[in-house]
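*Asks:* Before I ask anything, let me first share the structure, which is written out below as structure tokens.
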């Protein structure tokens, strides 16, 4: 039997070729669409208001979280030496240098005082820490448009694992780095610039990894690691830039130091926490909307009747393929046909499913996604339930519009 010749494997790319490919990808990336999406989501999701809420909750939860971390290191004496390393790294990498030392001192002092609290006080601290965790969970699931949340037990289990294992993993990696630095200083006296650069890069990627892990695991939906990493890299770069700008501003314009004196650390810390949360939420938007951005699908701005319009367009597409050999369309196919982001389309599909107008067809074929199919008979199904749900509720004040517009007499076929 004649066998087709094997095609030679493509040679591995050299570093210059990889760099050229990366630059090409960065050049072709939809930067303008990304900026527009960030602006729209910031306004529509009220991320500024959400960041304010998270700033307050974070301020209240800082001491409880540090107390939990200290308790973990106390429970494992073998990791006691990692405690100071981790504390210093977290503060210096996430907080501007101008206030890092004061914040570290305050947190250590307050966390030490927490051990003197009674059972009720400790319980209150834990409730405050859990409140921050649940607020983050609610916010990120809202950005991903997730309707079905994990059970409280699952959320507590996931976040408790993060609170216990996270500090230990970070502490081990940082202690190794600290040991390498100490050893190198003992040999060469002064840390070379190249070593400092590598440490800065390590710090950058550790922050990016932490954010990527949060974007991947927290939303109760499937998030690709590549998308989570894109959001994490944005956050890490944004935090570094924000720290530099805030440090430059505080150095040039010492307004807070003049007004508040030694108390200036508090308002500066609040401003920084707010800015940091804005960056983290924008990173979540990038991770959530990256599939649509890279595929060229535009996010439709919020407008009156948009969900009703998307529902009609969805019904039109499903009716069009009703008699095809392959029944129905997947969510991604619908998003492509309607030129809309899948995150915007998902609540519309849920509404149509609740009305029993469409259904989700799951067939056990390898590599084939579930498809939405038309269930309603357009000629015998009244349009009123959809109008009432997505466009205008039928109430006493709108009764005349409903009657004179003859909306109760319309059926689905009339709008297809």
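Including glycine, each Cβ sits where the backbone N, Cα and C put it.
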*Asks:* Please find, within the list 39-59, 60-80, 81-101, the residue stretch that Swiss-Prot describes as transmembrane segment.
*Replies:* 60-80
*Asks:* In Swiss-Prot, which of 247-267, 268-288, 289-309 is tagged transmembrane segment?
*Replies:* 268-288
*Asks:* What range among 12-32, 117-137 does Swiss-Prot record as transmembrane segment?
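*Replies:* Per Swiss-Prot, the stretch marked transmembrane segment is 117-137.
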*Asks:* Which bits of the chain, at least 6 residues beyond where the transmembrane segment (268-288) starts or stops, bring a Cβ under 8 A of a Cβ in it?
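*Replies:* Result: 34, 37-38, 41-42, 45, 47-48, 50-52, 54-55, 58-59, 94-96, 98-99, 103, 139-140, 143-144, 211, 215, 219, 223, 227-228, 230-232, 234-235, 238-239, 242, 246, 250, 256, 343.
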